[in-house]
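According to TrEMBL, the active site, proton donor/acceptor annotation covers Asp294. Feature annotation from TrEMBL assigns substrate binding site to Ala154, Asn235, Ala236, Arg243, His272, Leu328, Ser329, Gly330. Among the features that TrEMBL reports, domain 'Amidohydrolase-related' is placed at 62-400. The feature region 'Disordered' is assigned by TrEMBL to 413-443.
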Amino acid sequence: MRGGQGAARAPVLQFTNCRILRGGALLREDLWVRGGRVLDPEKLFFEERRVADEQRDCGGCILAPGFIDVQINGGFGVDFSQATEDVGSGVALVARRILSHGVTSFCPTLVTSPPEVYHKVLPQIPVKSGGPHGAGVLGVHLEGPFISREKRGAHPEAHLRSFEANAFQDVLATYGSLDNVRIVTLAPELGRSHEVIRALTALGICVSLGHSVADLGTAEEAVQSGATFITHLFNAMLPFHHRDPGIVGLLTSDQLPPGRHIFYGLIADGMHTNPAALRIAHRAHPKGLVLVTDAVPALGLGNGRHTLGQQEVEVNGLTAYVAGTKTLSGSIAPMDACVRHFLRATGCGVESALEAASLHPARLLGLEKHKGTLDFGADADFVVLDDSLHVRATYILGELVPTFERNLQCPWGPRSPSTEPGMWPEGPSADLAQPAWPEAPLP
């Protein structure tokens, strides 16, 4: 129920004794919800002369917009880049499990794969609204295969591609249908890339620059052609150099189209990006910062060997490498752990850390009227957090959704117990099945 007379007849929920993240500040206000949307209480009082049908005491917790993860390769044994007969069931499992970490929407991400994998997998991952069944699917993120060999990272070299004479037709031949695609990561230095960027953006697909050896001028030209995002800043790109800062230089470039903002992903897992680099990026361009997990299928499974597309990865402690190498292959940190680490590492405000995982990815995808915000009229997707930013409960469209982690209880009732094997260890500090994620007092 999202509007019209049906929504007007729906029960009104009033969340009290809470701090709401709205407009960049934590406000001591109540949150009013009806029909899956955030409600303006003044209109309720003065135009409809109604009060709440139910009140829920939040026990002083923070209510923040639900987290949005625009780069997640899988988790809990599910590999989005594996061409199984029932991809949808794996996506659904991940969608359920990430609710425990406050994620209410996500972009399933495929790493570099052969064309037959894309042709089989992509039609099986449609855009889907979130709900009690799990987080919403905003569209697929295709990371590769049109990337640099020198900066391929964990992507298999055998399946990398360049653009041929009919560049966009080559893209279609590689991926098949783009109907379910929301983001494409490519290297802008590849020949004919600007032609592809313009064609993708004309379809409403976000183009991200990554796995690249591009210099700053090439990156600026890509943004002028329509690119709006940088995939996992600092990782799989040329390091910053004072005479040519490369893609990193986009954060302070004066050559971007008027009114155009560049967004950039950061993996704040404590492994991929040094805290000093997190601080540099945040202080240079805080409004464009988007926290991503880049989580691999090993998320939640512990030490050992696991898949990532066409390759094996090996998890040791809190780090995942391409098996037999020291090449990082994505993260095993959930989103709420990334938010907490980012907050501690940068010393930014709680509001900024939370917006980097909610409002900023929503703006990147043009969804800020509905997602990533608790403004009046927005979807009532939100996460209930204690003062240490651990997840107490997750709501999608105003409904409390079942979560499967920890013994933390939301103030108004017990959370659903796990019925699935291999779940997280109990306890408020247990973020991962691996050794406890490093925690320190929040500022």
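Placement of Cβ uses the backbone N, Cα and C atoms for every residue, glycine included.
The binding-site residues listed here are Asn235, Ser329; among them, Ser329 has the most other Cβ atoms within 10 Å of its own Cβ. The average per-residue pLDDT of the prediction over the domain 'Amidohydrolase-related' (62-400) is 96, rounded to a whole number. Using a 10 Å Cα-Cα cut-off from the residue listed as 'active site, proton donor/acceptor', the binding-site residues that qualify among Asn235, Ala236, Arg243, Leu328, Ser329 are Ser329. Set side by side, the binding-site residues Ala154, Ala236 differ in how many other CB atoms lie within 10 angstroms of their CB, and the most is found at Ala236. With Ala154, Asn235, Ala236, Arg243, His272, Leu328, Ser329, Gly330 listed as the residues that bind substrate, the site has a largest C-alpha separation of 30 Å. Taking all protein chains in view, 28 other C-beta atoms sit within 10 angstroms of the C-beta of Asp294 (active site, proton donor/acceptor).
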